[in-house]
Amino acid sequence: MAMNVKIVLRVLGFLLFVEGVAMLLAFGIALLYNEYDQSAFLISSGINILLGGTIVYLTRNARRDIGRREGYIIVSLVWLVFSFFGSLPYVISGAIPDFTNAFFETISGFTTTGSSILADIESLPHGILFWRSITQWLGGMGIIVLSLAILPVFGIGGMQLFIAEVPGPTPDRISPRIRQTAKTLWVIYLGFTVAETLLLWIGGMTLFDAVCHSFTTMATGGFSTKQASIAYWSSPFIQYVIILFMFLAGTNFTLSYMALRGNFKRVLHDEEFKYYGLFVLGFTLVISAGLLITTQLGVENAFRDALFQVVSIMTTTGFATVDYLTWAPVLTILLFGLFFFGGSAGSTGGSIKIMRIVLLLKNSYYELRRIIHPHAVIPVKFNRQSVDAKIINNVLAFFMFYFVIFGASTIVFSFIEPDMESAMGAVATSLGNIGPGLGNVGPAENFLHISPAGKWFLSFLMLLGRLELFTVLVIFSPSFWRE
């Protein structure tokens, strides 16, 4: 059956319209502070709303069915389309006049990567800073999931979009109705955002800074309104609040839903959540001990610095309170290892995900047992249930693709960025949607010095990582396009 091109265009048109409306929120902030970026947001919003509305009108007779192929095309294209048009406020306002830099900043926002080309964030107007934050907030839960919650046209084929969009080996559904699941996810997401905003405001941030940082925390994005990131405030209270919500953002939102309904037994017995907590605790204790041995920090300071950086990197948020490249090399190496962990499946975090790591470790262990007992049937179990062989194969394939892409991309990028440490850091942070990397792209640096070709290459890796490889790679398969 031929691909339903009209429904693809119709969905993209609607999403452009949504992006235009989101730009009006940033226009409201620019108006409130009476800054020079007002016209940029009006023009950008007008372009999006007019173009999106026109496409929706012209495709009004489109068939309402969305198959698997249409789902993958829409999910892959939406980040490119959003990033292209989302860069307009930067370019038109002159905040980031170069289109390559503007696109890099925008796709870094929507993919919740958090890598930035900005060298003087505080000099930007409030509207632009708000737009940077809202790109991450929209991208965090997923533009498609938002659409499923509010667009009735997805009532027929919405599951294909949900499968292609929601991160993790097996997407969870809170409700049998996909639209209700999407709505519930967004309500939880919004609720956590509001709660964090209030706590950060109480802790000493301005309301504007509190809102922006809540947006980027819950998205595990890491954009800040300050060049020094969270270190700007030097507040233990603010740091602990952000640690808490980074941890929540890296938790499967289905578990958050269970906890809010009082089903704590389900949360505490969830195997992925247990490993997630153990990994955070284990790395924090080891790095804390390392800091106590190699620095003059006190116990609480060492623990807080370690905990913040561990949670920030493991959840792929990318906030920083210290420059971890100044730590002992062994501690930096431990943190770099966390680049390949990620949060829970069904969270806003990027990278590989805890569930895949646990399944890989379990499968490897059981494979040793099968060698010792070749006639025994030893299934891999997760949450006391046998895991389908297809899921195990998917996990193994994901690991292979992830590290092959990481290795090959590092080699390619080393021709652009000769420093191998910086090349590895830039590729790992882009593919894992983390933010800061190593070397010349560490937490105290930015990506401005990277060549235009390098920025486009890293932008592609951000998209690849955000959509968990297969959603994008499948499009390059000839069999995908055969009728």
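Every residue gets a Cβ built from N, Cα and C, even glycine.
Note that the coordinates shown come from a computational prediction; the quantities given were computed from them, not determined experimentally.
Taken from TrEMBL, the feature K(+) binding site applies to T112, T113, G221, T316, T317, N433. Of all Cβ atoms in the protein chains displayed, 31 besides its own lie within 10 Å of the Cβ of N433 (K(+) binding site). In the three-state DSSP assignment, the secondary structure recorded for N433 (K(+) binding site) is coil.
Within the chain carrying the transmembrane segment (7-33), a Cβ under 8 angstroms from the stretch's Cβ atoms is held by residues 40-42, 44-49, 51-56, 58-60, 62-66, 70, 73-74, 77-78, 81-82, 85-86, 89, 125-128, 130-131, 134, 138, 143, 146-147, 151, 153-154, 208, all 6 or more beyond its ends. Feature annotation from TrEMBL assigns transmembrane segment to 7-33 (among others).
Annotation source TrEMBL lists transmembrane segment at 39-59 (among others). Away from its own ends, the transmembrane segment (39-59) comes close to residues 6-7, 9-10, 12-21, 23-24, 26-27, 30, 85, 88-89, 92-95, 127, 131 of its chain (Cβ-Cβ under 8 Å, at least six residues beyond either end).
According to TrEMBL, the feature transmembrane segment maps to 71-92 (among others).
TrEMBL lists 137-164 (among others) with the feature transmembrane segment.
Taken from TrEMBL, the feature transmembrane segment covers 185-208 (among others). Here the transmembrane segment (185-208) has Cβ contacts under 8 Å with residues 29, 126, 129-130, 137, 140-141, 145-146, 149, 174, 214-215, 217-218, 225, 233, 235, 237-238, 241-242, 245, 248-249, 253, 256-257, 260, 348 of the same chain, all six or more residues outside its ends.
If you look up TrEMBL, you'll see 237-255 (among others) marked as transmembrane segment.
Here TrEMBL flags 275-299 (among others) as transmembrane segment. Tertiary proximity for the transmembrane segment (275-299) is limited to same-chain residues at least six positions away from its ends with a CB under 8 Å from its CB atoms, namely 247, 250-251, 305-307, 309-311, 314, 327-328, 330-331, 334-335, 338, 341, 343-344, 354, 357-358.
The annotation transmembrane segment is assigned in TrEMBL to 324-346 (among others).
The transmembrane segment annotation in TrEMBL covers 391-416 (among others).
Same-chain residues lying 6 or more positions outside the transmembrane segment (456-476) and placing a CB less than 8 Å from one of its CB atoms are 72-73, 75-76, 79-80, 83, 100, 103-104, 107-108, 110-113, 115, 139, 164-165, 167-168, 350-351, 398, 401-402, 405, 409, 412-413, 416, 426-427, 430-433, 447, 450. What TrEMBL records for 456-476 (among others) is transmembrane segment.
Outside the transmembrane segment (391-416), and at least 6 residues removed from its termini, the chain residues within Cβ reach (under 8 Å) are 169-170, 340, 352, 356, 359-360, 363, 380, 423-424, 426-428, 431, 450-451, 453-454, 457-458, 461, 464, 468-470, 473. What surrounds the K(+) site, by Cβ distance within 8 Å of the Cβ centroid and not counting T112, T113, G221, T316, T317, N433, is the set T111, G114, Q136, G140, A219, T220, G222, G318, T348, G349, G350, I434, G435 from the same chain. Listed by sequence, the residues of this chain that lie at least six past the ends of the transmembrane segment (324-346) yet keep a Cβ under 8 A from its Cβ atoms are 166-172, 220, 249-255, 272-273, 276, 279, 283, 286-287, 290-291, 294-295, 309-310, 313-316, 352-357, 402, 425, 428-429, 432, 434, 438-439, 442-444. Proximity of distant same-chain residues to the transmembrane segment (237-255), defined by a Cβ-Cβ separation under 8 Å and at least 6 residues beyond the stretch ends, is recorded for 140, 168, 172, 174, 185, 188-189, 192, 195-196, 199-200, 203-205, 213-214, 217-220, 230, 266-267, 270, 272-273, 276, 280, 304, 307-308, 311-312, 314-317, 319, 321, 342-349.
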